[in-house]
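Look at TrEMBL and you will find B:4-367 tagged as domain 'Aminotransferase class V'. Annotated pyridoxal 5'-phosphate binding site per TrEMBL: B:Gly71, B:Thr72, B:Asn151, B:Gln179, B:Ser199, B:Gly200, B:His201, B:Thr237, in sequence order. The annotation N6-(pyridoxal phosphate)lysine is assigned in TrEMBL to B:Lys202. TrEMBL lists B:Cys326 with the feature [2Fe-2S] cluster binding site. Among the features that TrEMBL reports, active site, cysteine persulfide intermediate is placed at B:Cys326.
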Amino acid sequence: MYTEKVMDHFTNPRNVGEMENPDGVGEVGNAKCGDIMRIYLDIEGDIIKDVKFKTFGCGAAVATSSMVTEMVKGKTIDEAMVISNAAVAEALGGLPETKMHCSNLAADALHKAIGDYHDKQQKKE
Amino acid sequence: MRRVYLDHSATTPVDPEVAAIMMTYYTEKYGNPSSVHGFGRETKQALEQARNQVAELIGAASREITFTSGGTEADNLAILGTAEALRKKGKHIITSCIEHHAVLETCEYLEKNGFDLTVIPVDEEGIISVDEVRKAIRPDTILITVMHANNEVGSIQPIAEIGKLAKEHGIVFHVDAVQSLGKIPINVEEMNVDLLTVSGHKIYGPKGVGALYVRKGVRIVPLIHGGGQERKRRSGTENMPGIIGFGKACELAGQRMADDAKKQIKLRDKLMNGIVERIEYVKVNGPVGEKRLPNNVNVSIRYVEGESLLLSLDMLGIAASSGSACTSGSLDPSHVLLGMGLIHEIAHGSLRFSLGRQNTEEEIDYVLEQLPKIVERLRMMSPLYDQVIHSKQS
């Protein structure tokens, strides 16, 4: 059902955790639908210096969360903004058809976290 | 890698004795039971013996048994066949909200085609109230279809009482007994059942074979037309190896039922109590004690999701199942758990272990040793669990 890469990210997820005073936090999904993804960003200049995630959900939800954190670490905000859910799935070697819509939301969480960062920056100014 | 199979409600291994007898019907006794010659007569006799073996396990006469391709076909034959036979008499059907999809979808198909359907709720233990059935009965009710025991939470339904009610009102009563066959006693007479579905592969028999018990005098219209096999109720050359295997599996189930139940109840309670003792925030789904199948354990583990649990268990060689949306193939978790009043997030974290003949106490110890570690790991990842930790700290 899942690719080896998905199982690898599910078994050994990268960057699991929380962050004290993150520069941006984004959460998508809800417990009712069975998936919640929360992403924390530490941003310096316009570079994503560190990223952490917490996810409640199926194997695909955990793996996409882990993968997206790996994809954006060290990237600029602009580079992170163009990462799509489809690109995350592709980086994992694909996801089962049924998972493409319900559990493939990690990039959305990332974009939300970047949005939160922008909001916070605006408030500072 | 070590492998522990705890998904016997999905399917069971074929008993070696069953497999051995089946093999001869592939390679040696391959005659068509409808044929006049010796090859045919030989299998015809075996077919009738198998029919008798199935009948005996449920307290029926062998002529009341119709072999089918499995439980799903038997459910379809019972429901569609009754609806077709009685459509002039009435168009109202009663079922419950925790039925297997083979029953629910078939009833809903009829509803789309002009029948009226009443779906009875269940209580928080997953048990149907006889009173609710009574209230649902109308003058035009033609069929009540209720499962004997639920496949997800193991709840045993008050079949004899519903059967009595159906009889009093002259309503055909169908029971899906796929999960209870061979696990708890079934007697179609004592239960006042008119139609009863059973299946081979849940009782250490082969896949692809089941049967419908049809009480003498109850009329059903066939789904499959052709050569008129099975007293014209189910055409098609008989699946002889499957039928022989199913018959043998029924015979063995009858001999072993009491011992199996005794052993599995012990393991069931050890596993269920062990999980509750070792893991915080766990809810047992379904009844405890005598109203539960001997082999069923179902728990919801809060703040984690079912498929993640299954994958993690699978990596340790442990096979279980879940009612989470991800494993049901839809966006909603199990209709059974929702029907019992569970909220979505708790239903998503459900885990079912179904025990079988070969499971050992040592295997249960292995699960009890591994599961808490898995839950701990997944909870550390879960944003829902954060709130619990934070509220504990404050």
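Note that Cβ sites are derived from N, Cα and C of the backbone, with glycine treated the same way.
As the structure is a computational prediction, the values presented were derived from the model and not from experiment.
Annotated features, which come from TrEMBL, shown on the structure.
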residue	record	DSSP class
B:Gly71	pyridoxal 5'-phosphate binding site	helix
B:Asn151	pyridoxal 5'-phosphate binding site	coil
B:Gln179	pyridoxal 5'-phosphate binding site	coil
B:Ser199	pyridoxal 5'-phosphate binding site	strand
B:Thr237	pyridoxal 5'-phosphate binding site	coil
B:Cys326	[2Fe-2S] cluster binding site	helix
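In this structure, the CA atom of B:Thr72 (pyridoxal 5'-phosphate binding site) is 13 Å away from the CA atom of B:Lys202 (N6-(pyridoxal phosphate)lysine). With a threshold of 8 Å between Cβ atoms, the recorded positions B:Asn151, B:Gln179, B:Ser199, B:His201, B:Lys202, B:Cys326 that neighbour chain A are B:Cys326.
Taken as a whole, the domain 'Aminotransferase class V' (B:4-367) shows an average pLDDT of 97 in this prediction.
When the C-alpha distances from B:Cys326 ([2Fe-2S] cluster binding site) to the binding-site residues B:Gly71, B:Ser199, B:Gly200 are tabulated, the minimum falls on B:Gly71. Between B:Lys202 (N6-(pyridoxal phosphate)lysine) and B:Gly71 (pyridoxal 5'-phosphate binding site), the C-alpha separation comes to 10 Å. Note on B:Gly71 (pyridoxal 5'-phosphate binding site): other Cβ atoms within 10 Å of its Cβ, all shown chains, come to 26. Residues B:Gly71, B:Thr72, B:Asn151, B:Gln179, B:Ser199, B:Gly200, B:His201, B:Thr237, recorded as binding pyridoxal 5'-phosphate, reach a greatest CA to CA spacing of 30 Å. In this structure, B:His201 is the one among the recorded positions B:His201, B:Lys202 with the smallest number of other Cβ atoms inside 10 Å of its Cβ. For the binding-site residues given as B:Asn151, B:Thr237, the lowest number of other CB atoms within 10 Å of the residue's CB is seen at B:Thr237.
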